[in-house]
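Straight from TrEMBL, the features:
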TRANSMEM  6-24  transmembrane segment
TRANSMEM  31-53  transmembrane segment
TRANSMEM  111-133  transmembrane segment
TRANSMEM  209-226  transmembrane segment
TRANSMEM  232-257  transmembrane segment
TRANSMEM  285-305  transmembrane segment
TRANSMEM  317-335  transmembrane segment
REGION    378-397  region 'Disordered'
COMPBIAS  383-397  compositional bias 'Basic and acidic residues'
Amino acid sequence: MPTTTYQFVGFIVFWCLSFPFLLVRPEKFKLPFQITSIYCGLGMICMLIWSLATAKGVGPLWTQGQTIPETSSWNTSWLMMRGINQMIGGIAAGITNGSDFSRYSRGPKHYIAGTIMSAWVTGTLVSLVGLVVTSACQKIYGEVFWNPPDLLMRMMDSGHGSSKARAGVFFLAAGFALTGMFENICGNAVAGGIDLAGLFPRYIDIRRGALITFIAVWVVQPWQLINKAATFVSVLSSFSVFLSPIMGVMVCDFYILRRGRIKLSNLYRIHNTDYWFWKGFNWRVIPCWLAGWAPTIGGLIVTVQEAENAPRALYELYYMAFLIGFFVSGTLFYIMNKVFPYGGYGEYDQSDIYGTFTPKEAAALNVIPINGGVEEIQGYNPDSEKEGPRETVMSKE
């Protein structure tokens, strides 16, 4: 267990404090998320002002930069590609789980606007503040601190444990801790709960799935990642290796094959629907996913093992893991569906049987709106689900 006692105790406290929020329904997260985001944002601004005022400038890291050592075997282009792959890997899980939370938005435009604001605007500002604070603190302490907890510990040590130092570090650390807590609950526990509820809806709901995911963290042992930056970066990059093929399949399926159209009536039925495929499995996805990460898995292995004299091609493929996985899996999935076609792609319900759309939205989608109750369509009545599924759609496999 490569961690210190106080770090492990901190993890236990963090885990225990997070537990009560798992009992809150996801749609109730809005207010605590807003409060936490504002609080952490103010904390970052305060840290930025303090570091610039104390250092009387942005520091040498910002003004001088760093040059690539002459002994390095990688030029600027490959290092940039590696950094892009690592950054995408850090948000890959959030991208694949986006639909878990987009359904709570008022409409597609609201979700798109929120994503642009958080990923492009806020994400850029947070990175900029982190770089400026790190550069200024290098001038103050003579060391580079990329990890906020390490910097906060140094700030408290330099203050010799005074009340001002302890108070400042406490309020700053509280903002980072709360942000990490809610991000972990929302992006990991709840997202895992939604996945488990989708796999075993008869036995697991979102709350139970979140609790199972939350307890399973002890098997993963995430505290082993905090003391070694190289291991942490490798973990982030591995997300690109395994999740980018899934993204390629999802994009091809929804935007190219289905043209953004789905049958809502088939989503809540089992057996002989457009999404049942072969005994509930779409076997076409499996070879596409394997082909997506097969070219890049070798680079991940030699990077984690820190192997010497490994073929350069393995590293180059690994540095492009996201692009390779995304396009290889997406292209192969498209070909597989042309060679082994399956019906139902691009079709949608002609009537708004669940009352999902407003009259304006229904008119734009060319869907017949309902007036009052739920209409029966194509021989299928949703009330019949109480008696068991009605075999009205022929299997296409």
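Here the Cβ of each residue, glycine as well, is placed from N, Cα and C on the backbone.
Long-range contacts of the transmembrane segment (6-24) within the same chain: residues 32, 177, 180-182, 184-185, 189-190, 207, 210-211, 214, 217, 222-223, 226-227, each at least 6 residues beyond the stretch ends and with a Cβ under 8 Å from a Cβ of the stretch.
Away from its own ends, the transmembrane segment (209-226) comes close to residues 1-3, 7-8, 11, 15, 18-19, 22, 185, 188-190, 192-197, 232, 235 of its chain (Cβ-Cβ under 8 Å, at least six residues beyond either end).
The list of residues near the transmembrane segment (317-335) in space but at least 6 beyond its ends in sequence, with Cβ under 8 angstroms from a Cβ of it, reads 78, 81-82, 84-85, 88-89, 92, 237, 240-249, 251-253, 256-257, 284-285, 287-289, 291-293, 295-296, 298-300, 303.
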